[in-house]
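The feature transmembrane segment is assigned by TrEMBL to 39-61, 129-147, 168-190, 243-262, 274-294, 348-369. The feature region 'Disordered' is assigned by TrEMBL to 67-87. Per TrEMBL, the feature domain 'Acyltransferase 3' maps to 93-325.
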Amino acid sequence: MDSPPPSSRVYENIFQSLPIIQNAAPPSPPEPLSWQDDVGLSLCFVAILTLTAVANVFFCIPRRSDPASPAASEGVSEAQQGLRQKEGRVDTHALTGLRGFAALHVALGHYCAISPVHVDLIGGASMSFFYLLSGFVMTLGYAKDLVAADSSSNLANFNKRRFWRNRFARLFPMYMLTNIVYFLVLHFSWQGPGMLSSTNFDWNLALTFLGLNMWIYPLDAWLPTDAVCCQHQVALPSNFVTWTVQTMAVFYIVFPYMLPWLKAVKRRRLVIHMLFWLQAVTFLSIVSFGVFALKNFNVGYWSARAWPLSRIPVFAMGCLAAVERIHGGGHVTCRFRTADAGGEARRWGWRASVLGACYVLILTAGVVLNE
């Protein structure tokens, strides 16, 4: 019997190693739940997701806008305004390096998981950092003057349509291009049975173009599996790594409505801690419910990790950290390059180093225990 071509073997290894797209049904797949037969579990799961959404969206409800007032910059030349903006600009170069390390962790995690090494480096653990960083940078870039302590700017002047149009123009074309290219490569390279002819694939392809895979993924637990093609009815997008774009799209939708809340919060350190524990409790609750009640780890894990409304707390933490930095707070961030930082900079440097070492140790332990 002739062996398949190298390209086919590569894709076969990829799909067989991914839980969300498999060429054959698992040996003993869990029975799909039914809304009629498992009303209790269904309502419980929906209640958890609903409470998560309510608790998370609660932090994005606008409270009140500042009254309109004349701009403080009247009579100031453009050169002086540019100088002020330059002097007040927050240096984010260090975040670029951190973003690079996180991206390498994710990339190496994917590679090692589907390579002959078959070692899961838990690259997904770095995704929360991207959510956090997105909120931090977005607040600095779009709302720095609006949320400043002495700002007289009217929050109602924030141009939502322009903001959303810019976000759409920056992300959607590349999102569509990579998914189309991936589909074409799959179409001309995949020679396994059933993949492209499956109704599941057509269904998920439509969801990919609409950007809705991650929005409806929790429904997967109650949909029947396809024994010919895939274990899941609702899978990740065609180019599966672009699920992050679908999840982060909700951050861009709610960000303009978060501005009044960001400006109104006074005890930002306390609220950041509360958001952290809110995210930890809701994440673990949804994962545990998927594992022990639904007997389906993938549905619980992906619902908790990628369902857009469940990740708002991490994004909000980044936004509040940026507001704290704008106000000059030192208990969340610290200006390492200033000459007057002194012992405070050293203390925060040690804290960051210790936390980074703990993070690496936890990841190492997870990799070892996961094998």
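Cβ coordinates come from backbone N, Cα and C, glycine included.
Nobody curates TrEMBL annotations by hand; they come from automatic prediction.
Highest Cβ pair count under 8 Å relative to the transmembrane segment (168-190), across stretches 129-147, 243-262, 274-294, 348-369: 243-262. For the transmembrane segment (243-262), the list of distant contacts is 57, 59-65, 127, 130-131, 134-135, 138-139, 142-143, 146-147, 155, 158, 160, 163-164, 167, 171, 175, 211-215, 236-237, 306-309, 311-312, 315-316, 319-320, 323: same-chain residues at least six beyond its ends, Cβ to Cβ under 8 Å. Under 8 Å from some Cβ of the transmembrane segment (129-147) lie the Cβ atoms of residues 88, 90, 92, 95, 98-99, 102, 153, 155, 158, 163, 244, 248, 251, 255, 259, 262-263, 311, 314-323, 325-326, all in the same chain and six or more residues away from its ends. Summarising model confidence by region, the domain 'Acyltransferase 3' (93-325) averages a pLDDT of 84.
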